[in-house]
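Asks: Attaching a single structure in structure tokens format; questions to follow.
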Amino acid sequence: MTDAPIISPLDQARILSEALPHMQRYDEETIVIKYGGHAMGAEDDAKAFARDIVLLEQTAVNPVVVHGGGPQIATMLKRLGIKSEFAAGLRITDGATIEIVEMVLAGSINKQLVGYINEAGGKAVGLCGKDGNMVTASKATRTMVDPDSRIEEVVDLGFVGEPEKVDLTLLNQLIGHELIPVLAPLATSSSGQTFNVNADTFAGAVAGALKAKRLLLLTDVPGVLDQTKKLIPELSIKDARKLIADGTISGGMIPKVETCIYALEQGVEGVVILDGKVPHAVLLELFTNQGTGTLIHK
């Protein structure tokens, strides 16, 4: 490991001076941050992320964290000998799997992240969409084309849900008391059934309901790439739809961008897809002139 570069006091002052107008821009604004399971990395990385979240709160930003946990769920399922299958990019979640998903997301990752934020001096509260009926969902459906018959078939994803309604009562109370909500992407149906919700989709629904200033989707790629694999720094909704249509945006990036478009249409001012493995990615995006990742806007 190499030593960090030495920054002179003057350079430190310049960095703070550059950050000031950005801090003023986000003063008292709500920022929803989706922290993906792949972006979590090692414990030191998670603790650094937690410190950055506390810094946001100290600068009068209202951060709301939604975390994923795909790799951690996969590890636990393998340890328990439970096979896991995917369809249309979503984990098929049967009765045994949903219990493990809830245990890992709400019982392990959520509380660990809450602990890191509190250790850094923040006041985080760990919840999932089931708490206070915050997020109500319905069963998700996807269609896939059978490779042999070429017939489109409906895929049963089990207990995978799509958000239908977000009740802001609990979130607004937490934000109003300067507490940091940390949300696991689990929801409940009107009949009380627990659903596993894609973390990007969950974050988009929450951000849209809150009319957040920004939604940040931290993932394991730099952002949206063009056909030469170079980062596209900024896109309008119209541009994004064109890139989906011509195949530039493909695979797992399509649902992420669709989540961005949904959030923007619900009133979020801007959405950024960025690499969560980059140190201090959230601060780089919000508090520097250059930013990082791909900004999608109306």
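Numbers here mean position along the shown chain, with the first residue as 1.
Cβ from N, Cα, C; glycine included.
This is the feature table in Swiss-Prot:
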type    : residues                    : note
SITE    : LYS34                       : site 'Transition state stabilizer'
BINDING : GLY69, GLY70, ARG91, ASN196 : substrate binding site
SITE    : LYS256                      : site 'Transition state stabilizer'
Asks: Which residues, in sequence order, are found in the same chain with Cβ within 8 Å of the centroid defined by the Cβ atoms of GLY69, GLY70, ARG91, ASN196 at the substrate site, excluding those residues themselves?
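Replies: Residues close to the substrate site, other than GLY69, GLY70, ARG91, ASN196: GLY37, GLY68, ILE73, ALA74, THR93, VAL101, VAL104, LEU105, PRO185, ASN198, ALA199.
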Asks: Out of GLY69, GLY70, which of the binding-site residues is least crowded by other Cβ atoms within 10 Å?
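Replies: Checked GLY69, GLY70; of these binding-site residues, fewest Cβ neighbours within 10 Å: GLY70.
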Asks: Return the residues near LYS34 (site 'Transition state stabilizer'), defined as same-chain residues 6+ apart in sequence whose C-beta is under 8 angstroms from its C-beta, sorted by sequence, else 'none'.
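Replies: Expected: VAL65, VAL66, HIS67, GLY68, ALA199, ASP200, PHE202, ALA203, LEU215, LEU216, LEU217, LEU218.
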Asks: Let me know the most crowded of the recorded positions, choosing from ARG91, LYS256 and counting other Cβ atoms within 10 Å.
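Replies: Answer returned by the neighbour count: LYS256.
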Asks: List the Cα distance (Å, whole number) between ARG91 (substrate binding site) and LYS256 (site 'Transition state stabilizer').
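Replies: Rounded to a whole number, the Cα-Cα distance is 16 Å.
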Asks: How many Å separate the two farthest-apart Cα atoms among the substrate-binding residues GLY69, GLY70, ARG91, ASN196?
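Replies: Max span of the substrate binding residues, Cα based, is 12 Å.
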Asks: How big is the Cα-to-Cα gap, in Å, between GLY70 (substrate binding site) and LYS256 (site 'Transition state stabilizer')?
Replies: 15
